[in-house]
Amino acid sequence: MGNSHSSENGGNSGSGGGSGGGGSGYSGVSENMIIDLEGRYHIDYKNRNYKKLKPQMFSTFFEHYEIVQADSLINSDFIKNKTVKKNRDNSSNNNSNNNSNNNNNNNTLNNSTIITTTTTTTTTSTPTTTIMITPPQQQQQQRTSLDLTNRDISESSTPNEQQIRLAQEETENQEIVESSFLKSSPVPSPSSSVLKSFESDFQLNTDLTTETFDDNSAEKKRQQQQQQQQNEDSKQSSQQQTQKSKDKDESAKIVNNKSSSTTNIKPILAAAQTSRSTSIPAFNRNKTKEPTKQKIKKEHSTLRKNSLSSSNIITPNNTTNTNAKDGASYFNENSLMSVKSDIKIFSLDLSINRLENITNDILSIMARFEIQELTLSTNFFQIIPDLQLVKSLTTVNLTRNKLSKLQTSVFIELPSLTSLILDRNFISSIPDDIDQIKNLKYLSIKHNALEYLPNSLSNLSQLISLDLSQNKLKTLPPNFDDLINLRMVWLSYNQITSLPSMRKLVNLVTFDISSNKLLSLPKDFAYLVPSRIKQSYSDIDIDEYDENINTCNNINSNNNDSNNSNNNNNNNNDNNNNCNKNNILEMINSTELEGGGLGCLKELNIRDNRELISLPVEYKQVESLMTLVTSIPSEIIPGIFLGGLDSANNAPILQTLGITHILLAIGDCEPFFPKTFKYYSIDDARDAPQYDISQHFEQTNCFIESGRKSGGVLVHCRAGISRSSTLVISYLMKYQRMTFKQAMDLVQSKRPQIQPNPGFKDQLLKYEAKLFCTNILNISSHNSNNKNNNSSNNRKSINNRKSNNIIITINNSSNSNNNNSTDNSNNSSTSTTPNLSSLSSDSSSSASLSKLSISK
């Protein structure tokens, strides 16, 4: 669980502790990293391969923690590749501290320091240093002895002096080597003991003092005995020096002084060696004996200021202690209370591990952290843990576990629980006391084995979202509409055959009951959108709406040449306008009476209910005001249907609607029922603006027309939005003589979700211009043919000079006028045809007048 520290990122700047090496210089995962998610603190233990949670995993946060912004992390797990801009400053500070420590170690002979540092060469992988507190008497004796040795060494030149100098150089070289090793060596690995982490802490933090607890009396006695032996040795050496100086003559003082210096150095070196072997191995002896309990005293204010200025590491007041039995850090009640007032954790993620249970110790720590969101998904829980100990929980996620029962007793004791997610388990039933979770708002138990729902589920009056999809439900509770606050319901992929009353669900926004076995659909959903109907129709200009209706009604009307026929058409249009206004007002009044005006339904998904063949009439009134996702295709005009792929794979619905032809506008799809229906496929059809779909217009229009005459035709693509709608619009422009805007409005009124892509729209506009030009050319050609016929008739009338000549010419002119009127009536579909027909009629009348004059 520890971290591997590298020297490049300031690896020796942190101190190990707890279950993993902490510190600010690292590039991997930190055990004490807290992610700041917009003011909400998050701990991520996701995908760590944990089989059991231990208290020391969380006790590291009692010692120190580091708050990291989410934008400084690269991946979404919040645990890798943290930015380490601050590590350079820390590494430089640590290097300066190490240099100052080395200088202090070299100058201990001249400085009157209380703390003495010594080094040893041990067999461990990391060098060790200790901080000892010496009594004042021993310090004075050491100072006097060291001063004597310095003077004697400077005055002497014997082989003993050279040995002493060599010994000092060796010790200095050892210090240099060890200090350089400290600079380049990483922090102890996670496999090393907790004692080594404290040793590295002593190496890097020289201001710390070490005290021993009263429990370790044996160690105290040993240290006292060592100090007494050192004091006795120093006293004996001083007495020998005084006696030798008094006994010898003045003539031999120099020689005696030299000899005394050598003899005086020996006990000093011996004392130094004893001090190395007795005082320092307090940590080395711990390899064979039990380690001593130690407590590190830290200045809270200074450390917090330094941490906030340099690295975002925050150190609480009380740090962890080392356990002498197992060598692991533990926490006490005081540290927990201090952490509780220091920081609060909003969410904890323990997903994608191998957890089977959570002990009460861990749950009590979670309670002290006041965790609100707990994620335990993708583990091996067979029984829900005792989460009632964490009273602050608001969200619990137990997705992808091995739960077979829903133990509501655990969640009833959580007063703040609002969201419960139990997806992808093996739960077969919901207990009757589910309504005791009073504040539950979001409940998701999808992809389980539920077969029925208790009636008490309807008592969850605060429930907003309910997801029970992908189960084995066949019915819903009869009082299901008592859940008056429901806004989103997902019941897809079940076996539901009928629905209860839904009239009270006035706050419902989304209802998904796709992929079931519905036999009928209640009309209650149509009455859950009356408020939107009122609002939408109150903003509609009825006269403007009537103009659009008139354009559709006048599609198949013929333009008569006489003024009487025009007046009759205007009268008929006025009657149609009055009827349309009355229909709109009747629809608004009917919805006001039946609906109540409180619904807000936006989407109803009834797709893939193969037994559901028809919809109630009420849904026709609101199909443009809500998104109705269904497998039933939309009927644009009688005999022409528009839909998606789900409409084409339901043979019973197609046969019920009388469809015989299917136009398939998908490049990578084969016909579903080639033996039952007649297909026309566009193999390379792509929903892309650069694709030229206009090259198929002439052929598809002929196929649609033949299918409409034979019974019905379905035009579909994958979603029934772009490709299929483009083909239907082109057909309406060609055979129903509509403009692009008229055809687009008509199709969109029948199927609101259609939307041809911009490239297809441009192609339809070009096709409109092409059709307009061809119509004009056809009209002009008809007029020229009529003129030729009139001139030939005039020549015949001139040659006939009989008494009834006038009557014959009048009859011929009347016949020609009748022929022109019938031809023009067949071609009068565009806005320009009335003018052209009038011109042709005028020309024919003038020709007849000329005939009359000529005959006279």
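Cβ from N, Cα, C; glycine included.
It should be emphasised that the depicted structure is a prediction, and the values quoted were computed from it without experimental measurement.
If you check Swiss-Prot, you get these features:
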type	residues	note
COMPBIAS	155-165	compositional bias 'Polar residues'
COMPBIAS	254-265	compositional bias 'Polar residues'
COMPBIAS	272-281	compositional bias 'Polar residues'
REPEAT	344-365	repeat 'LRR 1'
REPEAT	392-413	repeat 'LRR 3'
REPEAT	416-437	repeat 'LRR 4'
DOMAIN	632-773	domain 'Tyrosine-protein phosphatase'
ACT_SITE	Cys717	active site, phosphocysteine intermediate
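Applying an 8 A CB threshold to same-chain residues 6+ apart, the list for the residue listed as 'active site, phosphocysteine intermediate' reads Gly644, Leu645, Ala665, Ile666, Ala685, Asp687, Arg723, Ser724. Counting residues per DSSP class in helix, strand and coil order gives 6 helix, 3 strand, 13 coil for the repeat 'LRR 1' (344-365). Remark: secondary structure over the domain 'Tyrosine-protein phosphatase' (632-773) totals 67 helix, 20 strand, 55 coil, with classes taken from DSSP.
DSSP places the residues of the repeat 'LRR 4' (416-437) in helix, strand and coil in these numbers: 5 helix, 3 strand, 14 coil.
In the repeat 'LRR 3' (392-413), helix, strand and coil residues by DSSP number 5 helix, 3 strand, 14 coil.
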